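Enquirer: Marked as site 'Part of a proton relay during catalysis' by Swiss-Prot: 48, 112. Residues or ranges marked as pyruvate binding site by Swiss-Prot: 49, 207. Summarising the annotation, Swiss-Prot assigns active site, proton donor/acceptor to 138. For 166, the entry in Swiss-Prot reads active site, schiff-base intermediate with substrate, with the evidence type sequence analysis.
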């Protein structure tokens, strides 16, 4: 299996849909190859950005099988398998574990039920004991309605099958987790704007939405950090931050899909209950991305960071 040891820039990839609202596997394969070529070294498939709540069980299995074939063991794959039903999560995670090339599962803190910390420990401990694939916790309180506290994360980091976390919370909480976790437990920020700072603090990297659009710049940012060119790494993050924020100004993944479509990567629209951006929203998004007003209604180049190339 491919491991996350050397993965620092992972894309939480969109699910392309065709004109009949079916998964567009041809466009997905094109996008996978493009992103790997731009410097992404891992993927989350079937996550929030992949609109997983709108996918049926069979669609998810089909998606994961195709995705594994497209990646062909070049980089690690993390597949979303979580739900707010523990037994269902265990069953689906074990089913996904049978798909060759799926390296890890991503299991979200249960939404809607509003479990307390003791309930979260029981939920993830049960999954740890009953599943056959290593997995990461997905802590995203803005979407689930509850937050796994840093002490709970550290406690769960000791369990054999829990290999890491996608953490969407404050940097102070991340510091605590990194300082106190099991040494083999890997920490990824799920907040694009934290990509550089989290890495400096000792996180393994970022699971990113913005890397669909800015993978080349994010790879350069990390490489600059590793080379000791801290001013350049910081400059790239400062350039990226307002653009990263803009990609969430409307319900995600509608903004990133609008940009990808303008770039010719043809990922289609969103499934209900989300809708694609209208023209007014595209203009506002383009402005926030530093583009011409009508840029998202025309053909857009793949490289949107040429102004950084002279540094």
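Even glycines carry a Cβ here, placed using N, Cα and C.
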Enquirer: I'm trying to understand the geometry here, so how far is the Cα atom of residue 48 (site 'Part of a proton relay during catalysis') from the Cα atom of residue 166 (active site, schiff-base intermediate with substrate), in Å to the nearest whole number?
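Expert: Answer for this pair: 12 Å between alpha carbons.
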Enquirer: Between the recorded positions 112, 138, where is the Cβ count within 10 Å the lowest?
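Expert: Selected from the recorded positions 112, 138 on minimum Cβ neighbours within 10 Å: 112.
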Enquirer: If you measure from the Cα of the residue listed as 'active site, schiff-base intermediate with substrate', which of the recorded positions 49, 138, 207 is the nearest?
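Expert: Checking each of 49, 138, 207 against the residue listed as 'active site, schiff-base intermediate with substrate', the shortest Cα distance is to 138.
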Enquirer: Count the other Cβ atoms sitting within 10 Å of the Cβ of residue 48 (site 'Part of a proton relay during catalysis'), across every protein chain shown.
Expert: 21
